[in-house]
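Copied over from Swiss-Prot, here are the features:
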DOMAIN    1702-1758  domain 'DEK-C'
CARBOHYD  N157  N-linked glycosylation site
CARBOHYD  N876  N-linked glycosylation site
CARBOHYD  N996  N-linked glycosylation site
CARBOHYD  N1392  N-linked glycosylation site
CARBOHYD  N1557  N-linked glycosylation site
CARBOHYD  N1645  N-linked glycosylation site
CARBOHYD  N1650  N-linked glycosylation site
REGION    1670-1691  region 'Disordered'
TRANSMEM  729-749  transmembrane segment
TRANSMEM  765-785  transmembrane segment
TRANSMEM  1027-1047  transmembrane segment
TRANSMEM  1417-1437  transmembrane segment
TRANSMEM  1449-1469  transmembrane segment
TRANSMEM  1477-1497  transmembrane segment
Amino acid sequence: MSNRYSVYSSHSAAFSTGGRAPQAGGQVSTTTLLNALHAHYTTGQPYQLDAGTSLVVNTLLTATQSSPEGHTGPTIDHELAVRAWEHARRRAEDGCIVLCSAHHSAPSILEPFLAALPLSTPSIAFTALAALRPFLTAVTTFNPSYSLYSALSACYNLTLKGDITGLSLALSTSGINVRKGFLDIPSEPGYRAFDVFYYLLTSASTPAEREFLDLRDASSYALLRKSGTYTPPSYLPTADDAAAAEDFRSALKAIGIKGASQRGLLSVLAGLLKLGNAAGFLVDQEDLEEACEDVGGLLGIDPEVLLHKCSTDDREVLISGIYEALVDWVIGKANEAIASQLQASLDDSSRGSGQAAQWTDDDTVSITVVDLPRPALGKAVAMRGIFDDTLGINAEMKDDGVVVPPAGPAVLNDMTAAIAQVEVDLGITTGPTWREREYELDKKHEVLEKVGLEVEMDSFLRQILFTAESEGITLGKKGRFDLATTLGSSRVWHHISIHPTDDLPENLSPGVPTAAWSAGAVSRQLREWRLAEWANRRLKQIDFTADFDIEEFIGRYFRLGCGEGKDGVENWLVERGWINGDAVVGHQRIWVRENAWWEAETMLDLKPEEPPAASPFMYGGGMLDPGVPHYAVPPIAESTSLLGSRDNLLNRQSTLVPSVAGGAKSIAPSAPHTLHTGGDYGLGTKGDDKKYDSHPYYDDEGRYLGELDPEYADPKHIEKKEITLGRRIWTGFVWALTFWIPSFVLRFVGRMKRPDVRMAWREKLVLVFLILLFNAIVCFYIIAFGNLLCPNKDKVWNEKEVSYHQGNNDFYVSIHGKVYDISKFWKIQHSDTSIETTTSNMEPFMGENLDAYFPPPLTRLCGDFVTDESITLRNNDTNAVLYSNAKHSCGPLQQTDPNTALHKITWYEDVFLPKIDEYYKGSLVWKRSEVSKQADSSSRYWVIKDESIYDLTDYFYTLKQMNNIDSYNFLPSSITELFKNYPGTDVTDKWPNSENATKAQTCLDYVFYKGKVDFRDSARCQVNNYILLAFTCLICAVILVKFLAALQLGSKRRPAPQDKFVICLVPAYTEGEDSLRKGLDSLTALQYDNKRKLIYVICDGMIVGGGNDRPTPKIVLDILGVDPKIDPPALPFKSIGQGSDQLNYGKVYSGLYEYEGNVVPYIVVVKVGKESEQSKSKPGNRGKRDSQIQIMNFLNRVHHRAPMSPLELEIFHQINNVIGVDPELYEYCLMVDADTSVREDSLNRLVAACANDARIAGICGETSLQNEERSWWTMIQVYEYYISHHLSKAFESLFGSVTCLPGCFCMYRLRTADKGRPLIISDKVIKEYADNDVDTLHKKNLLSLGEDRYLTTLMTKHFPTMSYKFIPDAYASTAAPETFSVLLSQRRRWINSTVHNLVELAALKDLCGFCCFSMRFVVLVDLLGTIILPATCVYLGYLIYSVASGGPIPIISIAILAGVYGLQAIIFIVKRQWQHIGWMIIYICAYPIYSFVLPMYSFWKQDDFSWGNTRVVLGEKGNKRVVAVEDEPFDPRSIPLQRWDDYALANNLPGRRGDYNMSQEKFYGGQYGDMGMEMDDMHSQYSSVKPASTILTGFPGAGRNGSPYMPPQSPAPFGGNTPGNRHSHLSSFSRYTDMPLQPGHQSRNLSVGNLSQFQDPSNRHSVGLMQSTDNLLGVPRPNSRSPVGGYTSRPQSAFDFRGSGGPDEMAITDAIRSCLAEVDLDTVTKKQVRALVEQRLQATLTGDKRAFLDRQIDQELANM
């Protein structure tokens, strides 16, 4: 007996679907089947062949249609799925549904069929199949997604109630056909390898990933290029590898293959591709070694193993084995994900019911859905199960006495033949194919084990090869299912797919999906599968779908009246009327057809349930132990310890101070500090475990390298906005030019789903068209327009120009008014006499007029007038023939030698003229003035007729020499008289119109023609030159002025130390640790009073940059030495964004940073994002512009004393109370990129320049490269950086209008020096710069690409009377892009932002100057210069080609180029920057890249943005813009606002600036007396934890003369057993010192909390030298208000804020001696020494100490 059943189930469903009645009882033929199938096909219905078999007809087109029942997808039999499920749960019988394909073009129906099962299939299962499909399918000509596995199963485990408890996917033991899918794809078009390889190579791969995996074009891989097909079929309109690749990666991520696992998987796939290049016997040894080297790096294998231990066959076997192992591993991960989701759902359901799920193996059955894509295997399985009576259920029926009529011999022969083709897949071990398979498997195991043991231990490849180290290679054994065993142990249901035609999918008509029908094709499939015989056999005799033991049957149906024993069963069957084969009683079993079984089951379901009797067949389903009730564990209450919050503003609402929003209740989260709980610094765990989290998430350009989260289509609401007239005009213009491109083409072909993206593309297209048109116009005007005005000007030469061509390969001569290039002729031996053609013989004729050397025979060319061959003309010029042997006179009288060709009188016209015409270049021309001049001065008889020049000088000379003999006077007198009377003039009008004159014309043309009049001096030929000359002069003037502006010959000035307070803003994004450390160290080491500079770092989101192993904020905090245990609260603030993205959260850290003896306070703001962002890829990230806006907003509210957000209040508290400087004192903001290093004296120089000129609102210095020799791409940027500063910016600085203050190194004044009016922190600048509606192409380029340049533009717009300067003495260095891809990305941003910003600048009203002497003119010149860069490159290429092809040398163009680069060279030569000579040469070599490649790429990529989905522009019409906005808008109430004074009063904080009657703050004593207190007693309400790095490390005076007793300190960055290296909540409050601690107590990163005893502000002015130490820097706080507030003037940083008396006389003397010992006393001045001393002391001496300094300098000099 078979083991396909266990016992029957007593659990019945409340309903049943009931099967359809079988087909008519008549004989079934192929014709009837064909007709029935066609009818069902046209209606999209399945056809039930028998109770256990269904036929469906599907094509690629119908697989995407909706059926009449509303099902989307291919036609499938849902009832078959329900029947199989009902049988499994009611009969406790394992079932197997076999999905067969009768045609290789039939689409796969596995996923739709799984969805049709009446089971809650977990969604992750379909995701897993989506992840698995690319590994298993490939494009073929007959099927665009053909499965290349033998069998794939989805095995469900069910309870006896029919509920799912498990699901797993598995391949059969036959595995995958890797040879057909990868190793040996057909070498004909239309075939591809497995889809996964093309997904790997698609653009979905990030640049960093492509570089790491060395991914190339598909044609670079030997195994992929066999067919030459690399893209999906064109007949699939939605097929796109890039989109599919994104879905594929998302699916991998969903099933747990992400991070290191996904990188390992991709590395293996890339390695297999490269290993394919090493497969084959014709591979070159060098290519083989290179491929093995690459593969070794990707797979973690020693290349020598692949090269020497593996043969070619071994490498192919290795590819196949690794690929199958990889697929098995993916299936394993998929099954883990499915099991996890199922377990979670079971846990949820058990908790919801209060009862634990308790199932055993005996309580479950299985349904296995097996997909057999190969028609051969499906046919063999089906025919064997139906027609083979020797095994399976057929054999059971025969053994039980059921009459099973044998199949016909023809059918059996077909079955046997079908089985023989696939006997290996069916587990038949007797044939030769089985032995071959076993040999291949053994070989595969041998190779895999040989290579696998050489693989690195921790590599991904070893993980997939050795799934269990103790078991060795288990490929093909573990995780697979045996097809024969599954079929033999289950009740089998067949679902067969028919294809209606043999036509290829590309020939199907998409208009009518069901139109494809070929009776012949369908009939062939029916006959091959013997479906007519199948139906007749099953329907008439053995269509039984249920069978029972007799006792089992009685036990199940006794409630329906079934009697005991076999007789009782037979009687009951007769009573039911089941006598015509509906049920058959065998020897041991009862066999029941589907309709009879359903009838009995339905009656059983309707029968009232009776108390179950004790029966061996009944399960005690209700006897299970009751579940223990579960109680939800309440969440742990928030800590109220010292680290907990005490008074949270967000919870308190407006209890203390009325809310700005009118007392509206805040909707912000009540516990913002819960964000990023855990991990270092409270920023989450990303990057904390470096061993397992070393993957770079972002590269240097901020492009995401990891898996991308899917973009969810959130619900939106629609709003309308007004658009400007200019925008409406521009939109209309764009549509007028692009109307011919339908939107649906952009949507479906261009994959631009959103209207705003399509509109941006149209705008980009129009802009590119206009730019190209303008470039084309420029090129046309310069190159071609002159030729149109003056055609053939380059095809004429005068005598002087001909004489220039005297080279061996540039041999020009003129003969009888025509110019010839005989460079290819003169070297040939063209004389038939003894004269040899040598260089020395020919050189005298280069560039000469050879009229006299080729005299025309008069009798041939003037035959109407000369008949005597002896008549010849003599030359008036005696020097005309200097080499007589070169004269080519022809005729028997002239050449008596009959052997020479010149002997013939016809030589001139027959030989010479045809040959010389081959080298004709153009006409010889003469200026009219020259013709007239020679006629007057040289008595030359020549005239002009019809622009041609004829010369009779030799004619009259010969006539005179021959005494006027009539035979020599052969020309008509009417013509000769004109030459005598009007020499040198135009005689066209006087020319006789006679017959003789007409005859004489031929003679004149051949004998007396001298050329044409030079037309190049005419107005139409000269006007274009003069216009170009005018533009040239204008450009040269601009270049000259720029040169003079840059030519600063003065010595470098050394300004006195400045005392202004400066914020050094450092926005950090994805920079590496080395760059960040270098940048922070450079700011710390600036030669500027450390107390008056603040390093303000803003980390833009939790992002891991390329090459980093931790998020950027954690790297910054690591460098600054912040204690990782610090976890400040996440506080809300308003960011730049759309909708709810405007709400952001940030954390604030503060402290002191020490470097080389300089101790500088810092503030770090980390943008961490909302709670809902934490699962996204870049939580908190809003861009650099948002970082700048954050500090600008903060300083604006400080200036206006306006209400602040919680984050700004915390920043104010940290700066004001912890660091000890009133934020209102800061006057400048130095903006420095995180990877930029600033030279020590740069800040002082910038501040000094601003102090000397109060009109300066912004200033920048020179930026050079740190990595100039790193690669070719950095080398070509060195000179560009240098000259752009010293030429362009220096020139613009003359006008006080530098158009771009680079964000990497510039400084802005915060407010005016006179009246304190806000500048960069003004409302109008912030409002425009913080624009959220960045929804047009122009705004995107301004605000998303060029925010730094646009900020300068806004400053120029709103403060046109202020100056924006460049000073070359301030110097910084930054890292330039080192690869071409990064350079492309950077220049795309720069060039496009430059163009759009210059357009904005050109429209400003108040630019200085007028006409051509205005800044507007310079801006327009720069704009045009940027736009026509490609035209410039094309023109230079044209010049090079023109000169190389023998054209005239463009003297003016060369002079301009020489002038441009010569003047530039003077600049760096004067500055003694000799190295720039080499850099200039490299730059010139790269000019095509800068002037053509980069601009053209940039112009076309103007719309290349990340378009957010929170604000989608749906369209523009009229003066309205329709915008879809997220349903979750930004509510300002989510960010409560409060004034600092109100906040400080409510929290008992010092530093209030108003006249509040503040209560005396509490004092706390301790073991350190009144010098120490708990930090928790002195924090803002947000700093509910101990402030980051704000614990003091010493008592007052803890510098050189500090107290010997030191309290506990914050941990030093490198730990150790140094004193103070333990954590404490106690701090001692001392005055700030910028000197390092004593040895033994020194820490690189000091703490800041120099808090003091609190004093009432009204008494602070009386403190004197013993002033309050309630702040870090000891800055006295005036109690007066600023002009904005209403009392006295704003506190200025010119006051002496040092508090103590400063350095004593001994320190001053020591500094003087040190400085004098280091300087050249012969050249140094007293003023310079004084400046050096003050710089060394880090203090500005005034009063008595200044006088002491002067006296002591004199005394020390006297003593030397």
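Glycine is no exception: its Cβ is also placed from the backbone N, Cα and C atoms.
Owing to the predicted nature of the structure, the values given are computational and were not obtained by experimental measurement.
Annotated features, which come from Swiss-Prot, shown on the structure.
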residue : record                      : DSSP (3 states)
N157    : N-linked glycosylation site : strand
N876    : N-linked glycosylation site : coil
N996    : N-linked glycosylation site : helix
N1392   : N-linked glycosylation site : helix
Problem set entry | Candidate with the highest Cβ count within 10 Å, taken from the glycosylation sites N157, N1392 | N1392
Exercise. Could you tell me the C-alpha distance between N996 (N-linked glycosylation site) and N1392 (N-linked glycosylation site) in angstrom, no decimals?
Worked result: 73
Exercise. Of the stretches 729-749, 765-785, 1027-1047, 1417-1437, 1449-1469, which racks up the most C-beta pairs under 8 Å with the transmembrane segment (1477-1497)?
Worked result: 1417-1437
Exercise. For the glycosylation sites listed here (N876, N996), which one has the lowest count of neighbouring CB atoms within 10 Å of its own CB?
Worked result: N996
Problem set entry | Predicted model, mean pLDDT over the domain 'DEK-C' (1702-1758) | 84
Exercise. Any residues 6+ beyond the ends of the transmembrane segment (1449-1469) with a Cβ under 8 Å from its own?
Worked result: 1029, 1032, 1035-1036, 1039-1040, 1043, 1046-1047, 1282-1283, 1286-1287, 1439, 1442-1443, 1476-1477, 1480, 1484
Exercise. Who are the chain neighbours of the transmembrane segment (1417-1437) in space, where the CB to CB distance is under 8 Å and they lie at least 6 residues beyond its ends?
Worked result: 771-772, 774-776, 778-779, 782-783, 1035, 1038, 1288, 1291-1292, 1295, 1299, 1391, 1394-1395, 1398-1399, 1401-1402, 1407, 1409, 1411, 1487-1488, 1490-1492, 1495-1496
Seminar exercise, completed: One should report the C-alpha separation between N876 (N-linked glycosylation site) and N1392 (N-linked glycosylation site), rounded to whole angstrom, as 69
Exercise. Who are the chain neighbours of the transmembrane segment (1027-1047) in space, where the CB to CB distance is under 8 Å and they lie at least 6 residues beyond its ends?
Worked result: 782, 1286-1288, 1290-1291, 1293-1294, 1412, 1418, 1421, 1452, 1456, 1459-1460, 1463-1464, 1466-1467, 1470
Exercise. Can you tell me how far the Cα of N1392 (N-linked glycosylation site) sits from the Cα of N157 (N-linked glycosylation site), in Å?
Worked result: 60
